[in-house]
Every structure is written in C-alpha cells, then in structure tokens.
Amino acid sequence: MPRMTQLDLIRNFSIVAHIDHGKSTLADRLIQLTGTVAERDMKAQILDSMEIERERGITIKANTVRIDYPAKDGRTYVLNLIDTPGHVDFAYEVSRSMRAVEGSLLVVDASQGVEAQTLANVYQALDAGHEIVPVLNKIDLPAAEPERVKSQIEDVIGLDASDAVLISAKSGLGIPDVLEAIVHRLPPPKGDREAPLKAMLVDSWYDAYLGVVVMIRVMDGVIRKGDRVKMMQTGAVYGIDRLAVLKPQMVDIAELGPGEIGVLTASIKQVRDTRVGDTITHEKKGCAAPLPGFKPAQPVVFCGLFPVDANDFEALREAMEKLALNDASFTYEMETSAALGFGFRCGFLGLLHLEVVRDRLEREYDLDLITTAPSVVYQIYMKDGTLQELHNPTDMPDLTYVDHIEEPRIRATIMVPDEYLGDVLKLCQDRRGIQLDLSYAGARAMVVYDLPLNEVVFDFYDRLKSVTKGYASFDYQITGYREDFLVKMSILVNDEPVDALSMMVHRDRADMRGRAMVEKLKELIPRHMFKIPIQAAIGGRVIARETISAMRKDVTAKCYGGDATRKRKLLDKQKAGKKKMRQFGKVEIPQQAFINALKMDS
C-alpha cells in the first residue's frame, strides 16, 4: 500500500486547452510513457469515462490520475494530473479543480493558435496563482506555425512563450520534455502535516457499489482510513471507509498528507450531500475556517423535458433521479403542459450542459424526449416591492402588478478570423449586444460584447458557427442582471394558448419573432376539416396571425344541373357543420411541429 509522499516530490497540475487542441491526448501520452496504465488497458481519452465525453471529444467531469515519474535527477516524483472540463458551462468545476493544483500546462494547437476558451481558462489559472508552462501541440502538422503561435501567446495572454515545449501528443514527440518541465518548472505544494485537517472537495461522483466517491486535495493535516470527518458547508459527519489514489483505477492507501490528491468513500448516499468546493475537516479538533471561494452551483438555463410517449414518464423520472445522483448542478421539478402532457422543468448550467444531459437521457436510458425552448431566469420586481424569479414563461404574473423585469447579461469573448468580423459584429448587434472591446492578435480579432443571455441560449452558437464557417470560438461569463423591456409572447392555435411555445422576448423584437413563429407553424401543422387561426399575442393584443385553410369536400358533386338552391342548401349545411366542428374540434399539433418550431432561426 503506497505511503504518504514528502512535499517536495509532489507536483499537482492541470491541463488547460481549447476543445480539440489535444488535452486528453496529451494526458493519455503522459500516462502511457510513465507506465501508469498497462499497454493492454490503454485506450484513447482514458480519463474521459462517459461515452458521451469520448464521442463529443469533450471532458465534462474533472478526472484525476496519479503518475509516478522517475526523473532524470534520479528522484521519483508523484505527479497528480487533474483533467478539467474546458467548456464554459462547467466553469465552476474548473475553478475548483484549479484551486486544487499549483500549476498548469497550457496546451495550444500550433496550427490554430489561441482560442476564446483557452483565454477564459488561462485567466482562471492565473486567478488561482498558477505557474503556467506553455506547450505547443501538433507541431508535426504541415500547417503548424510554432513561432507565430508563440508570439500570439505573448501578445494575447502576456505569458513568456520563449521556452514553450514543442510536442506532438499523437505521435509522442516531446512528451519526455513535458514531464521534465512539470518537475522543474512547476512549484511543489505547500502544507503543514501537524495542522488540523483541511481538505478541499474537488469533485464527486456516484458509483453503484461504493456509493458516492469524493475526490479531495489535502491542504493541511493528514487524513486516514477510519477517521470521522465533517463537511463544513453541510455540517454532515461521515466515517471514512476507504482511502485511495487513482491510477486511474483505485489503489488503496492508508493515509493522505498535505499536497496529495486522492479519493475517499464514506457511505454517502447522494452526490447532493457533497458540494464541490466544500472543505472537509476532522469532526473533533477540526480547522477553524473553511477554504474561501465556495459557492453552490446555480442553474442558469431552464427548459421543459417531456417524453414523446406519455407511458415513458415513470422511466424518465427514474432516469432523472439517477442522473441527479451524479450531477449536483442539475435540478428538476415536475410540470404539466396541456400540449405535451407530464414532464419536468429542468435547470442547467448552460446550453452544453443541457445538450449533454438530454443526450445522456436519450442514450443511456433509451428515452425519446421533446425539449421546449430554453429560457433563462428573469427577476420580476412587483409593484408591492417583492421580487419573484421566473423560470418558466407560462408562470409570468399579470403585467398590471409588475414594476419592471430584469434579465441576466453576459460578457462574451469571441475570437474570429479578420474576414468574418463584420458578420460577427452584425450578429451581436442583432442580438441586442453592446460592444465593449475589439483588439487584434495577428490575423484574428478578439471581440468582447455585453449580451443578454436570453439571446444566446436559443441558437446563437449555431449562428456564430455558420456565419464564420466554424472558425469562431466563443466563451462567456455571467455578469449580472439589468432591466429591459421584456414581454411574454403567447402562441394561440385555434384560440387555445399553447403553453409549450410561449416565450419571453424583447418588445422591439416581438413582432418579428411572432411573425416568424406563426409562419413556421402554418407550414408544420397539418390541415384539418375546419380552418385554424394561429396567432402570436402579447397580453390581449394579437401581433401576428396566419390561418390554415380547411380541407374541402365537394358536397355538390352529386347535383346534376337543376335548381341552384339545392346546391346552396348543401353548402350552407357544410358551413354550419364546419362552424360547429371549429367550436368543438381539437387541433392535433404533431410532435415534430413542436421540435421544428422551437428550432427556428430568429
């Protein structure tokens, strides 16, 4: 069983990179070269355990591996790598992982250069006080321009890149230099073994056999198997059943000391009981104050998830419960919709989080789902001085009682090649954006915009990719709430409001959004035996209308010649029947119509 390691032989680090710049591949090579995993067990993206992580090529949960590295100076070092998510939705997970380590490898694709996400994550690493080693990956590509990218790192980020490590993670070129750079250029952790235990909860996940597995970084003191520990935010106390380090499989260990990263199990039933960023200490003689910077995860984007087949509702509920075991930032509550039946209103950290959860529900639990239009949380200030949070546009209170509405704003950073800059600026202006900054790094422009989150959650990312042919990269932080003139737009089909299609829009854009929506629905809803009006309305005022004409049966076909009043009588009878039908008829809106209507270009 491995023993505790002395501080100056430990190096804790994370890898910072934009999607597809080779972060997980580099982690694979480091693991392979040091023999941490046997060759026969090696597979691509070994740290990405979810199938969806491998398929999308993204990292969602923070994962860790402990590598024993015999360095050239004759000493064996323990390297703890935390593989962090790169995507903005998981920014809080990134910030916690960053605080658990002392240094970062900044991986930049030598052919593509610095991207928006690289910037966001580097700033987090600098905030956490990291030593950063730049690594240029993919230098064996014909398009690689290491010198240009080095100067870009210096210009855009302000890091000295003169001694950047040049590698190709795919072929393994330069990997030994990375290991030496980790040992000699990153600092060892600090900590006091004699002090009371203070450990940070970096991540947690649910295991069917062990219950909740908690990943910790020990700051001070020593933690041993059998200790009784307390979570400082929740006050819960647990006895430790098992302590281990991850290589990536669990290897049991008797104790963990300062600077070490490992996992523990303690018969914890739910991931919700373990909050990322919490401080763990001993039940008796614990530390006085928790580690700073803890904040509970707040959902930002909400949408309804409904089963296509109403009989799948129970299966969906079970799947949600299982997912929530493993994802504390995902919230859900039951809701009913006249159009879609029973389902759930779910809260997510962002759009990627929404897509990942939906994909996992569909793939791992084999469910067919309808997603309603994503919406954000609005703050509604009432005239009586109270504040309401609005998660679902259907619950909008009567406007006569509302003083004003505030919506969340974001600071978006977009990196884009020069030739597409005009299209990007136009897109941001169309989305009610306010330009804050524009700077150049070589042939790429970096634009910073203040945008309403509501305009981004719908299809901003897809539009951005299409106007820039996929070359733009985008990252955002939520900056706060601001008052704006927002209204609830309802869609009525045959004079019945369809709750699943109602949305919050800015007053200036309501007419355009309403017109586009009713035109789209006119194409999507099949014709019935009676005519169907489709209307977009704000309060009692209709702002757009289309009518689907009725199917017509030729009732006069059997009249040959003769009196015109005979035909008239038949036509009047048909007209009366249609009128009655329209009063009592139910309009069937196909599921596909919902899905397509919600995907519309705005």
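Counting starts with 1 at the first residue shown.
Any Cβ shown, glycine's included, is placed from N, Cα and C.
If you look up Swiss-Prot, you'll see 8-190 marked as domain 'tr-type G'. What Swiss-Prot records for Asp20, His21, Gly22, Lys23, Ser24, Thr25, Asn137, Lys138, Ile139, Asp140 is GTP binding site, and it gives sequence analysis as the kind of evidence.
Location within the structure of each feature annotated in Swiss-Prot.
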| residue | record | Cβ neighbours (10 Å) |
| --- | --- | --- |
| Ser24 | GTP binding site | 25 |
| Asn137 | GTP binding site | 30 |
| Ile139 | GTP binding site | 19 |
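Secondary structure at Ile139 (GTP binding site), as computed by DSSP, is coil. Mean pLDDT, taken over the domain 'tr-type G' (8-190), works out to 74 on the 0 to 100 scale.
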